[in-house]
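Step one of this worksheet: look at the structure below.
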Amino acid sequence: MYGCQGFSLLQTTLPDFANFTMKNMPFNLGEDCPVFDNLFEFCQIYAGGTLDAARRLNHKSCDIAINWAGGLHHAKKCEASGFCYINDLVLGILELLKYHARVLYIDIDVHHGDGVEEAFYFTDRVMTVSFHKYGDLFFPGTGDIKDIGEREGKYYAINIPLKDGIDDTSFTRLFKTIIAKVVETYLPGAIVLQCGADSLARDRLGCFNLSIEGHAECVKFVKKFNIPLLVTGGGGYTKENVARCWAVETGVLLDTELPNEIPNNDYIEYFAPDYTLKVANLNMVKKNIFSLLSDSFIILNCGSTI
């Protein structure tokens, strides 16, 4: 129904709708990737930010580089997808590969990091690890645990498909156990961490039950490896909670604990009524069965010669 309504609206408001649609169809521009004013400049800014972050890491001008505007992990080589126009993560990883033999990509967005996985599915120089909702026709529909890479990339793609309602305790236990094993085995020269905030509880499009503390605990854990780290944003559709999350995680990366009370600012009304950084968990049914954890270890152990 939504798609039909959107089509009808565009058809009546754009005189050249047919030509517009045909011109942009090969690039998947349209419903979830609309064309808007200054689109190219927008792509330049967020993709350029990730590229510059990678270059700074390569030249050792910093240990951690952050681009909260980046993390658009669905875009493919020749088409946009899922609100993502250019895959800045792939560009950043390619830049890191100029100086590092192996790069580890970690994705904690509620959606599968399909564009990044696809880009490096046949190589052993990049290992992709994605924790995401899978099943029930959830976008983008990829990321089965059996998808492990091919040819030289076999066992270098790890997917942790999850169901609705996963909470802090379950998610962080799974995350720490798997990522510790991956880092120990793969020995990456650099890490790229995509911190999509749509895995938080109360996200408009998400279905997980993570608090900001749980989400940030994953960031804190990756930071402890003391490996050059590029951190990006990603999804997030309850904007005030996205701002809360990335503010807290900036503090984590700077070893700075922020006060829970949000100071007065021009946007303070968005954080009513409590004006704090916390996002409370919901009372959700936990649908995850953790035989998944042992399945993930089977995949890791099969690729233990990396």
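Positions of Cβ are set from backbone N, Cα and C atoms, glycine also.
Curation does not apply to TrEMBL; its annotations are automatic.
Note that the coordinates shown come from a computational prediction; the quantities given were computed from them, not determined experimentally.
For the recorded site, HIS74 (active site, proton acceptor), the DSSP three-state label reads coil. The feature active site, proton acceptor is assigned by TrEMBL to HIS74.
What TrEMBL lists as substrate binding site is ASP32, GLY82, TYR237. Just so you know, the Cβ of TYR237 (substrate binding site) picks up 15 other Cβ atoms within 10 Å once every protein chain is counted. According to DSSP, TYR237 (substrate binding site) is assigned to coil rather than to any helix or strand.
If you draw a 10 Å sphere around the CB of ASP109 (divalent metal cation binding site), it holds 25 other CB atoms from the protein chains shown. According to TrEMBL, the feature divalent metal cation binding site maps to ASP109, HIS111, ASP198.
Over the domain 'Histone deacetylase' (30-251) the predicted model carries a mean pLDDT of 95. The domain 'Histone deacetylase' annotation in TrEMBL covers 30-251.
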Inter-residue Cα distance where the pair is ASP198 (divalent metal cation binding site) and GLY82 (substrate binding site), in Å: 13
HIS74 (active site, proton acceptor) and ASP32 (substrate binding site), Cα-Cα, nearest whole angstrom: 11
Residue pair HIS74 (active site, proton acceptor), TYR237 (substrate binding site) - Cα distance, angstrom, rounded: 16
Same-chain residues at least 6 apart in sequence whose Cβ lies under 8 Å from ASP198 (divalent metal cation binding site): ASP109, VAL110, HIS111, LEU205, GLY206, GLY234, GLY235, GLY236, TYR237
ASP32 (substrate binding site) CB neighbourhood, other CB atoms within 10 A: 15
Substrate binding residues ASP32, GLY82, TYR237: largest Cα-Cα distance, in Å and rounded to whole number: 13
